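Reading through the structure tokens given below for one structure.
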Amino acid sequence: MSDSVILRSIKKFGEENDGFESDKSYNNDKKSRLQDEKKGDGVRVGFFQLFRFSSSTDIWLMFVGSLCAFLHGIAQPGVLLIFGTMTDVFIDYDVELQELQIPGKACVNNTIVWTNSSLNQNMTNGTRCGLLNIESEMIKFASYYAGIAVAVLITGYIQICFWVIAAARQIQKMRKFYFRRIMRMEIGWFDCNSVGELNTRFSDDINKINDAIADQMALFIQRMTSTICGFLLGFFRGWKLTLVIISVSPLIGIGAATIGLSVSKFTDYELKAYAKAGVVADEVISSMRTVAAFGGEKREVERYEKNLVFAQRWGIRKGIVMGFFTGFVWCLIFLCYALAFWYGSTLVLDEGEYTPGTLVQIFLSVIVGALNLGNASPCLEAFATGRAAATSIFETIDRKPIIDCMSEDGYKLDRIKGEIEFHNVTFHYPSRPEVKILNDLNMVIKPGEMTALVGPSGAGKSTALQLIQRFYDPCEGMVTVDGHDIRSLNIQWLRDQIGIVEQEPVLFSTTIAENIRYGREDATMEDIVQAAKEANAYNFIMDLPQQFDTLVGEGGGQMSGGQKQRVAIARALIRNPKILLLDMATSALDNESEAMVQEVLSKIQHGHTIISVAHRLSTVRAADTIIGFEHGTAVERGTHEELLERKGVYFTLVTLQSQGNQALNEEDIKDATEDDMLARTFSRGSYQDSLRASIRQRSKSQLSYLVHEPPLAVVDHKSTYEEDRKDKDIPVQEEVEPAPVRRILKFSAPEWPYMLVGSVGAAVNGTVTPLYAFLFSQILGTFSIPDKEEQRSQINGVCLLFVAMGCVSLFTQFLQGYAFAKSGELLTKRLRKFGFRAMLGQDIAWFDDLRNSPGALTTRLATDASQVQGAAGSQIGMIVNSFTNVTVAMIIAFSFSWKLSLVILCFFPFLALSGATQTRMLTGFASRDKQALEMVGQITNEALSNIRTVAGIGKERRFIEALETELEKPFKTAIQKANIYGFCFAFAQCIMFIANSASYRYGGYLISNEGLHFSYVFRVISAVVLSATALGRAFSYTPSYAKAKISAARFFQLLDRQPPISVYNTAGEKWDNFQGKIDFVDCKFTYPSRPDSQVLNGLSVSISPGQTLAFVGSSGCGKSTSIQLLERFYDPDQGKVMIDGHDSKKVNVQFLRSNIGIVSQEPVLFACSIMDNIKYGDNTKEIPMERVIAAAKQAQLHDFVMSLPEKYETNVGSQGSQLSRGEKQRIAIARAIVRDPKILLLDEATSALDTESEKTVQVALDKAREGRTCIVIAHRLSTIQNADIIAVMAQGVVIEKGTHEELMAQKGAYYKLVTTGSPIS
């Protein structure tokens, strides 16, 4: 029956299989997309596509906000109607006064007449008089201004508030969609997209889209309305003059468009460079122990800086273009003034078509239109930047995953037996299409049996497991479960049937209980406890202060390998899976734990299909069927005995391994007494008794970061990720006081020459506004001069001055733009570099702190440095500009009427109050915003960095829910911010109109009662109010300024921190003849963040130069901790670590580490070539290729590398993802060999290797150990038997030491471990 199902399934899907080459299609898709990107690098997201996530509520908010922005935009041109009429009233009044001062003239019956009886020809031009009461006229105009002020207050508030709220809602949705889409992507997509880049896009790029669709939209609508209404009013009042003025508008438009296009292009390049820098930072911070051990800090800073240099270049180019075209636009505007007043005055004086008031109305309305067009350019910049950022975001959102893990499609079988079959499967990884991993693989895995896959590293064993989980689809052939092609099955359902335990298990930064519950959402606490007992994890968990509520730290990195492995096994067992995949699952366990786990596996085997990839014979022998792999093909199949008889691949592996186990020779076993043999049977036979036997004080302190809080109540209900994070008092970013500007400026000292030049330009630009007010009032004053020739002469002089101002502006605006772009980019680069350098210089304990997780640190690097520009970049130009503006305006105003100046100055406190409120409020929000997004960054980083584990246990939805809950915090903050920012903006806008209202009212009084000339009223009011507007504009930058001070404070806090162990500290002892003698003298140690748990409890052991010391003991007894003390990742609390008789605390850190090489159990490789990874072993000099090849040959790596298409130039992928574990381990060994260290540390260095590789690498390591002091940590006894000293550890102390023979003769803990696998206690 089963066979017919298989045949039917093959026939059905075989027809489709010809074209069902998923990964080929993936590669073609990828290639074509890369070609498209090359062809159309300029392709951008359409503007309205930015709003694709808007709901009907958002559309309503944006509509009302736009309507209010439109009404607000009408207000400015509307005021000009009042202003023009008021100008005519002033001029008429002044003309009347001047005429009445002529001897012989008087006002009779509201007409100016000659008082003598002889009629004169001039009487025909008699002027009306006595009708103007200037004070009552001014009261009327003041009330108009006040009414407009109220309207502006209401509309200004609504436009900003509604648009910011609508944007916050859309951005929240966008972040959710983006993360959801990423979590749906197939694993092959992650092979081609780095996690660091995705994190940068999630934080930085979406923020840029937010900037484009929030308040900038409201301001753009307002300004464009003012532009259009201004031009319409100009045409309505006088088309001739309007046409002349707007004849230069196309040039202004060209300038604005050039700014938009250039900024978009340069921003895109800048973003790409920063994203690459983000990838480097993420990779390095995640691998900090490796970087520190190999002294790679300087090299990594240089690698990071290279990417920053590219970003800096594009930023400076952007500043040059911005500066030049801003100057160009201003130059055109001043030339416009000159042309308008020159031509307009002829229409007033010669042709009498316009009144002076009409001229002012036309001129100002068109200029207001043009100025608003100019002011809209920053909005265009934000839109262009947002569209550039949206390109990659929307591309990802729109991409359909080839294997969609959340798809509802596919069959869900009622029953599953667990029969798995590979039919002619050929496969290569999407990122390395030229390397074939599986080659026509055919194999059957029977249900309810344990099948072991054996073979050399890189033969395709782990790849086969990934195909079963459907991380990838075969390029050819198919994989079936119970006769069904797995491509026809529902993915989530399929993965729910599978439990997976990997060699390098990933735990999530939550509690142990929650990590186990990840296996099954509805698991009760009893289920969790039972699973922990089955995985032999219960005892060490109960020894921890918070037991199951213990937080495991980032990636579970605070636990020993064995502890992590057992929690991962518990997580797999709690699923009760029909198919259990064990990829080197017990390699990190000691003999005792492995025996326990094997017993559990044999118990659950009935009704479960177990596939085990393993190198240990003890694991393989227990299997019902063993399949031998070679070159991506299954070459043999059978039981242990059958395959030994066949003398093929398996026989070779067994022979090699048994040769290595000479320690366990017959003599040793014979020496074991009958009691010992009984104990062995007893400990293996009775599970409960063996559990009791294994109760001991394990090292609780491998968890070097645990938060102190009362234990959670144990509950039997579904606990979500978010609740767990909320209940645990995980420390948030500590509060920092905003950095003082003086400190920021002091830090910016190298950029001062540029800032000085930029400030000179900004100061000159600042004088332009009050000088404009002076010249403008001068022109208005000329219209009341009786002599027309005098009028003409003065107007021409003023027009020439406008031309001169335009030319100066062109130069100074360019100067300001370029100089501050240069200083800002240099500062940002330096801040990023110094910040990154300071991070790499911190002690390892600092990275153990949850607040300094890789996600949080990379997010901080990505956003903080660029925000500091807000306090030291173009913002200084804005401050200098505003200061000069106000100073010159005050001088002009007080020179002509100190009384009126004082009245207007009464409104300055309100302006200052508005700005101060904005600054204070937004400083708070900037801080809270950052904290919330850092927490979001931690979730995304954790999910994406461990995507294989997340996909394997089918917890994509759980991370999505966690992220969506966390996103509520920045959303709520944004809503609060919208209301405050809206009110402050509206208040700052309306205060101008109120100031005008009061000023003109009082000005009327001064003209009427004190004889002040009306042009002085215009001069004083224009100068002060325009300078106040500039001040208001400076205040509008308070959000970025506030964020800048908070970000700068974080940087300074980091730069000021003096780590207790600093790699940058040049002090400390160094000596020439480094021998490698090591003495641990009564070392006591607790991890800094967990002072309640003692890890080492008086460790004392000595190693002479050239000797090998092997540490033996149960998982978590402090073996790896001793290595970390030797590397000076930490210092002992009491006692000493002596190196050649020198106290390690007094030895120079760099010098010490340069003499130590390390190979860890989970090797960390960097996303660069194999050659560069090997060269990383010695960062003090350039390593010649000969040395690289020699090291590779010693590590048995050279032949494998030469079989790759790109040989030593082959990129290993993110975290070495393109290589098998054995291959990665051999690269790590070659890296240690190339270092040529005096001390070699091997922490489970061969646990990841198959038997064949282990044998060859062991030979290499034996060679590498010659002439070197060596410390070995291993669970395989064959690895340690030849050590000069074997130190048996328990509870942080050495309980026995000696050679293998001496310890066997003592018949103590070591003897018991070798003969029975019993626990060390």
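In case you wondered, yes, glycine gets a Cβ from its N, Cα and C as well.
In Swiss-Prot this protein carries:
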{"type": "CARBOHYD", "residues": "Asn109", "note": "N-linked glycosylation site"}
{"type": "CARBOHYD", "residues": "Asn116", "note": "N-linked glycosylation site"}
{"type": "CARBOHYD", "residues": "Asn122", "note": "N-linked glycosylation site"}
{"type": "CARBOHYD", "residues": "Asn125", "note": "N-linked glycosylation site"}
{"type": "MOD_RES", "residues": "Ser587", "note": "phosphoserine"}
{"type": "MOD_RES", "residues": "Ser690", "note": "phosphoserine"}
{"type": "MOD_RES", "residues": "Ser701", "note": "phosphoserine"}
{"type": "MOD_RES", "residues": "Ser704", "note": "phosphoserine"}
{"type": "DOMAIN", "residues": "755-1043", "note": "domain 'ABC transmembrane type-1 2'"}
{"type": "BINDING", "residues": "Gly1113, Ser1114, Ser1115, Gly1116, Cys1117, Gly1118, Lys1119, Ser1120", "note": "ATP 2 binding site"}
{"type": "MOD_RES", "residues": "Ser1214", "note": "phosphoserine"}
{"type": "MOD_RES", "residues": "Ser1321", "note": "phosphoserine"}
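Locations of recorded Swiss-Prot features on the structure.
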residue	record	Cβ neighbours (10 Å)
Gly1113	ATP 2 binding site	27
Ser1114	ATP 2 binding site	27
Ser1115	ATP 2 binding site	26
Gly1116	ATP 2 binding site	25
Cys1117	ATP 2 binding site	29
Gly1118	ATP 2 binding site	29
Lys1119	ATP 2 binding site	24
Ser1120	ATP 2 binding site	22
Ser1214	phosphoserine	23
Point to revise | Local backbone state of Lys1119 (ATP 2 binding site), from DSSP in three classes | key: helix
Practice item. Would you mind reading off the Cα separation of Ser1214 (phosphoserine) from Ser1120 (ATP 2 binding site), to the nearest angstrom? Key: 25
